[in-house]
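Heads up: the structure comes next, in structure tokens.
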Amino acid sequence: MSESERSEAFGTPDAAEVERLRREVAALREQLEGSAARGPGDSGRLRDLNQLEARIDSLNARNAKLMDTLKEARQQLLALREEVDRLGQPPSGYGVLLAVQTDETVDVFTSGRKMRVTCSPNIETSELRRGQTVRLNEALTVVEAGNFESVGEISTLREVLDDGHRALVVGHADEERIVWLADPLIAPDLSEVSEDADGADLKPRKLRPGDSLLVDTKAGYAFERIPKAEVEDLVLEEVPDVSYSDIGGLARQIEQIRDAVELPFLHKDLYQEYSLRPPKGVLLYGPPGCGKTLIAKAVANSLAKKMAELRGDDSREAKSYFLNIKGPELLNKFVGETERHIRLIFQRAREKASDGTPVIVFFDEMDSIFRTRGTGVSSDVETTVVPQLLSEIDGVEGLENVIVIGASNREDMIDPAILRPGRLDVKIKIERPDAESAQDIFSKYLTVDLPVHSEDLAEFGGDRGLTVKAMIEKVVDRMYAEIDDNRFLEVTYANGDKEVMYFKDFNSGAMIQNVVDRAKKNAIKSVLETGQKGLRIQHLLDSIVDEFAENEDLPNTTNPDDWARISGKKGERIVYIRTLVTGKSSSASRAIDTESSLGQYL
């Protein structure tokens, strides 16, 4: 027990009495121990002594409880005093750090005023960063350093000024203002650049025009770059893993696009020697499911590897950029947003291509956003979207190391200004596969490593390669045979001519893949039902029948001319379609009642 506690404890009546009794007992004990002979009254004295000791013990226990109670009360009083002091403190203010001075003072923006204040001794001014939030006491002294502001207004970066610390931003009402850049937005090595260095070297490398910045307009600071989710979702920056060897039946088209895209990048010196301008864009058009998107992906993959070989790099680390633009998702209901997205996409392409790396901008379903102006087919959005694309392709800035590839199955709906030479120079039609091309496509999906039924293998002496080849030949012969089972449609043209079309006239690479997938599924079901493992020719033939049966209802007999354009049958206008699939009723055929519905196509 401390002296203070002892004094407080002895200040109570019980403590004083305990101390008096303790002294009395001690005196009596000394008398008893000092007497040489004990008289008859000694036993009574001993009894009184024991009673006194018991009373002392009781009082000691009581005194200990009182001491504990006093200690607890003291702690509660101290806690209440601290709480009262805390509640009585004046409020603290917050401000934005603007600059640190050499005399350990700082400039802050607080309550709408710019002030120079002092810092608490426990604040290291060297660790403070511009744009940081600081806490001020009632004397306007910095007592705590906080984080950077995480809420505010969103402004668009127009440009970074030459000093590298300020930027021109545009607000929602197109109001331009100059703001300071917080330290996180400045290049990490900015502090290592000498003051007499060129201003261009001081520009933050992480910022680019068009970025969205979090801005405190009152303090005049930009704190953070906000990712633009709407553009990130539309663009896929990666090299696809599709090669030309994965594409079947399109050898001629592949050669055309390699001449248009790869030659200018791989042989720039020859193009310059002959004063030949590389094409700026390629249009891949044709019926759906015939490999337009697949070719565009293979171009990016092949170009990246060829450029890596040309530079002497490892082809496995080949680098190029394939910006896959989802056409329909570009459209935005707000005026000017679609055009802004297109500007940002080409701005990103220019940045990626600035170091000589090839960049491919691929617009899938191009007709959905770049339709002919003034047709009335859709809204008037194309009147501003099309000129934006035209200005990006061959505007003042120009495109270096950037190739635009568009894919569409309705090239007749794309604005003619986009298709003229100098923009999308090369136009490659992706035809429907013929019998030879179909065999090539089947060979990509029916490979020798697939399990083949033992009976089919036995027919060819156990040679797996010959068995697979025979499977492909038989299924192609069945698919392309001009027999009654393969009759699909009878079309009537405007001049009265009629023509019978077979399923082979509407075949595509996607349909072939679907046939093989059906056959594989049938083979799996056979294993589960019969226990016999392996793919059979009959599985493929049954899959063809099922695939044809699913497609028999697909022709649009309400608007046959429109359907014919999508399906790839162009030429004389079609006015009547009659399905010839067995079991179909004659009611499936339908003529065109009026020509008004076809006015936009004539």
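Cβ coordinates are placed from backbone N, Cα and C, and glycine is handled just like the others.
As annotated by Swiss-Prot, ATP binding site applies to GLY289, CYS290, GLY291, LYS292, THR293, LEU294. In sequence order, SER508, GLY509, ALA510, MET511 constitute the residues six or more apart from GLY289 (ATP binding site) in its chain with CB-CB distances below 8 Å. Under the three-state DSSP scheme, GLY289 (ATP binding site) falls in the coil class.
Taken from Swiss-Prot, the feature coiled coil covers 13-89.
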Sparsest Cβ surroundings (other CB atoms within 10 Å) among the binding-site residues CYS290, LEU294: LEU294
Least buried by Cβ count (within 10 Å) of the binding-site residues GLY291, LYS292, THR293: THR293
Confidence summary for the coiled coil (13-89), mean pLDDT rounded: 74
Cβ-centroid neighbourhood (8 Å) of the ATP site, GLY289, CYS290, GLY291, LYS292, THR293, LEU294 excluded: LEU284, GLY286, PRO288, ILE295, ALA407, ILE430, SER508, GLY509, ALA510
